[in-house]
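Novice: Pasting in a structure now, in structure tokens, and then I'll have a few things to ask.
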Amino acid sequence: MTTEFMLVTLSNQSADARWGEKALLSTGAEGMTIHLTGKDKLGSIQRAARKIDGQGIKNVKLAGDGWDLENSWAFWQGFRGPKGKRSVEWAPLPAAESKELEQRLKIVDWVRDTINMSAEELGPEQLATRAVDLMCDIGCEAVSYRITKGEDLREQNYAGIHTVGRGSDRSPVLLALDFNPTGNPEAPVFACLVGKGITFDTGGYSLKQSAFMDSMKADMGGAATITGALALAAARGLKQRVKLYLCCADNMVSGNAFKLGDIIRYRNGKTVEVMNTDAEGRLVLADGLIDASAQNPQLIIDCATLTGAAKTAVGNDYHALFSFDDALAQELLASAAAEQEPFWRLPLAEFHRSQLPSNFAELNNVAGPAYTAGASTAAAFLSHFVTNYQQGWLHIDCSATYRKGAVDQWSAGATGLGVRALANLLLSKAR
């Protein structure tokens, strides 16, 4: 059976007036034309692709001039959706750009597909296994890994992951993956990447309302994003050793679930009083950050869908960036600009570290009632588990990972945003 493709072309001219003032799309005997008359050409292409998909067109051919790498990618970002199959016959590209497009399609689509999976399909161990499979597909000869789960976590003092995940019938998991393309098992670790992998978040006994719980299959978006970033950096030729830690668990309600007032004792000596079981992401990340710090890398990046406060500040349109290292923060913003991905820096100051008071432990897992900068205090909590937190550490609160509903540029579901910027940063720092 022959597949019929709709031809899609680009034009810098306005559409015929019959299509309406400032029309983005027009249709003719030869196919459809996207009219790029505004300043945001990539955004216009992405919005046009959403409109084309919305008309039920699933097979397209990008024809004519103008379909370079970034324009082609913008089209796919808008055209792709979580339901049904779509196919694109791409315009010819130079070999290097064609390879880059192929890598993005493979890796960023993996991120989007993984985040969109239902919690029934994707538990903590399945998330870890999918990450291993992706990295092995990119460069298996450079990959080794260890999966620690269930009671082994408790016995090895991964107190945060075990505490959060023990209330679920599905065992919590820590994936420690070593990407070492140097061939030298004693090579220094250049960077450590830590991801929050909460595969479903009920909020625990600090129970979420349904309207806030219905998207919590995507609470592992940080783990998927940082895994995708490492995979893309590796595919682009990363030559330095990087370790990846995914802290995976379900946050459920049960007779064995953790409770308000519990004290968690971490391997670095910190004690944490739990006063909100829905602030669980920082509790699992702490274990990964302790391991990351022990490697003494030049760079530590953690990614997490950590707070609603960050999303309130920047919406679903940006990832929120926190760091004490001004130069490093600017490097990430430069990488984000180079890849046309949206990051926005939010405040993180030394005084935020003292806004987590507890009567019974060194730290509270949420800020005191007088301190309302929720995203900043969450980042500050994490800093207590990074040995040299003032240099070489970035925290990404992944607000742009997932959309509950479709908008003019995106279908509902995962976006894959952040993968390219973080891969770019890894490569630029590794040079």
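A Cβ is built for glycine as well, from the same backbone N, Cα and C atoms used for every other residue.
What Swiss-Prot lists as Mn(2+) 2 binding site is LYS196, ASP201, ASP219, GLU280, and the listing cites sequence analysis. Per Swiss-Prot, Mn(2+) 1 binding site is recorded for ASP201, ASP278, GLU280, and the stated evidence type is sequence analysis. Residues annotated as active site in Swiss-Prot, with sequence analysis given as evidence: LYS208, ARG282.
Looking at the shown structure, what environment does each listed feature sit in?
Specialist: Its Cβ placed at the centre, LYS196 (Mn(2+) 2 binding site) has 31 other Cβ atoms within 10 Å.
When Cβ atoms from all protein chains are considered, those within 10 Å of GLU280 (Mn(2+) 2 binding site) total 29, not counting its own.
The local packing around LYS208 (active site), expressed as other Cβ atoms within 10 Å of its Cβ over all shown chains, amounts to 15.
ARG282 (active site) has a Cβ environment of 29 other Cβ atoms inside 10 Å. A helical conformation is recorded for ARG282 (active site) in the three-state DSSP classification.
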Novice: To the nearest whole angstrom, what is the C-alpha distance linking LYS196 (Mn(2+) 2 binding site) and LYS208 (active site)?
Specialist: 18
Novice: So how many other Cβ atoms are close to ASP278 (Mn(2+) 1 binding site), meaning within 10 Å of its Cβ?
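Specialist: ASP278 (Mn(2+) 1 binding site) is surrounded by 19 other Cβ atoms within 10 Å.
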Novice: Could you measure between LYS208 (active site) and ASP201 (Mn(2+) 2 binding site) for me? Cα positions, answer in whole angstrom.
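Specialist: A Cα-Cα distance of 8 Å.
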Novice: What are the sequence-distant neighbours of ASP201 (Mn(2+) 2 binding site), meaning same chain, six or more residues apart, C-beta distance under 8 angstroms?
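Specialist: Result: LYS208, MET213, MET216, ASP219, ASP250, ASN251, ASP278, GLU280, GLY281.
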